[in-house]
């Protein structure tokens, strides 16, 4: 990675010499980083600039179409994970019948993709810094494409598992790179919406998976599940083609000493040249500060994150890892994966009806994630996280009570009361709805925006690795644990975890709404440093 630049410029960067081209390099007239005082100066200048823009009204409200198009295209990789979650929930009904596999094998089949995605998540940080954000998205889609074809052509359980492992690596790449790219290309005023698009597309993919299940469920069991899984190759191929027209992340270009290319993209993704100028200078300052700090301490990125992190970095890690832990500890993925099993336990026996109920759940889940994406930049991250976590706690407790009632001796088969079955269905829909309002979209947004530029790729990949590990652990144990303590007991446990998530949000996650990526770092600084910065801004 090449050295970036310092913000102490004698003239605006948007009027830079065209002769420098895209490389900048040795001909760049930007001086080197000087001291930590520059951090405070940049913060003061940045806030002053934002205040002037706000007062003069030069920044137009609304979405920049070019930035939106880039964020949408990048986020389509998330359809791949969503489709797998949705389609596997129904496909396992027919895989179990066709391949005669046990419940333990079902858990391994379902959860293995999430565990193996750890490889992609951990590798994606360095890969995206090496190849760039755009080509990492292409790599993710191609890897998943190969995995989907292997699953669709699988003649046996072991072959099917091989396809799941390959697809899992692709999922790991896509989960890290999509929100990072969306956050890095977006203006701060709309970053919440754009960085939440990966979760929107995950839900679109889940819904497509449910529809595929319902459409193909009437075919022979030895054919339908192979078609369900193999069809995932179609969106993967579409992503490979579509992403080729994406612009590269301007922050990555700055880190690679390609100032002119970054400038051109920022002009397109900003509403005014003044905004593009401000964003470019902030990015250069942040990149220069990060590189200067690393050089002074002789640290690489992973060493800075894991070996001797500073106190602000520790706070960022707690926030990022914590929110990703609670996202998956909510059990939402397991509820979606095993919703047919849950509904069957509630008294719905027909396979086509089971798949049909999941479509209703998919529509509800997708609707509420759109609602969250629209209001994320208006209400902020914390309110939606608090509402979502508290709502999930209540929904899971209600689902636990409904499930426990149906387990009472004397109720079985067709004798199960309709109101209790309805309560379980409504509670599941409420659970996934509150997830789609809070932890679902906000986790990706928050994780991608709180790390400083130098640490963002690897830091995000580390947090998402925890996300995948917890998701895989729950998916691979959900049926076994539920068998021991019942579905009702399992839902009570998950509801308690969501209560803890609400407290974690309140005490550990500061609000980031409306702040640039370069300003967010100040939220995690020591209180003394923050007071000093505020006093200097007032002066």
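Even glycines carry a Cβ here, placed using N, Cα and C.
The coiled coil annotation in TrEMBL covers 259-293. The domain 'Major facilitator superfamily (MFS) profile' annotation in TrEMBL covers 70-513. Sequence annotations record features per position, and here TrEMBL assigns region 'Disordered' to 1-42. The feature transmembrane segment is assigned by TrEMBL to 66-95, 101-123, 135-153, 159-181, 193-211, 223-246, 313-331, 354-376, 383-406, 418-447, 459-479, 485-509.
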Would the transmembrane segment (354-376) count as touching the transmembrane segment (418-447), i.e. at least 3 C-beta pairs under 8 angstroms with sequence separation of 6+?
yes
Chain residues outside the transmembrane segment (66-95) and at least six past its termini with a C-beta under 8 angstroms from it:
101, 106, 109-110, 113, 133, 137, 140-141, 144, 160, 167, 170-171, 174-175, 177-178, 181-182, 185-187, 190, 194-195, 197-210, 212-214, 217, 221, 224-225, 228-229, 231-232, 235-236, 238-239, 242-243, 245-247, 268-269, 333, 336-340, 351, 354-355, 358, 362
Is the transmembrane segment (459-479) in contact with the transmembrane segment (101-123), using at least 3 Cβ pairs under 8 Å (sequence separation of 6 or more) as the test?
yes
Segment-level pLDDT (mean, integer) for the coiled coil (259-293):
82
Near the transmembrane segment (459-479), which residues from the same chain, at least 6 beyond its ends, have a CB less than 8 A from one of its CBs?
103, 106-108, 110-118, 121-125, 171-172, 175-176, 179-180, 305-306, 316-317, 320-321, 323-325, 327-329, 331, 333-334, 337-338, 341, 443, 447-448, 451, 490
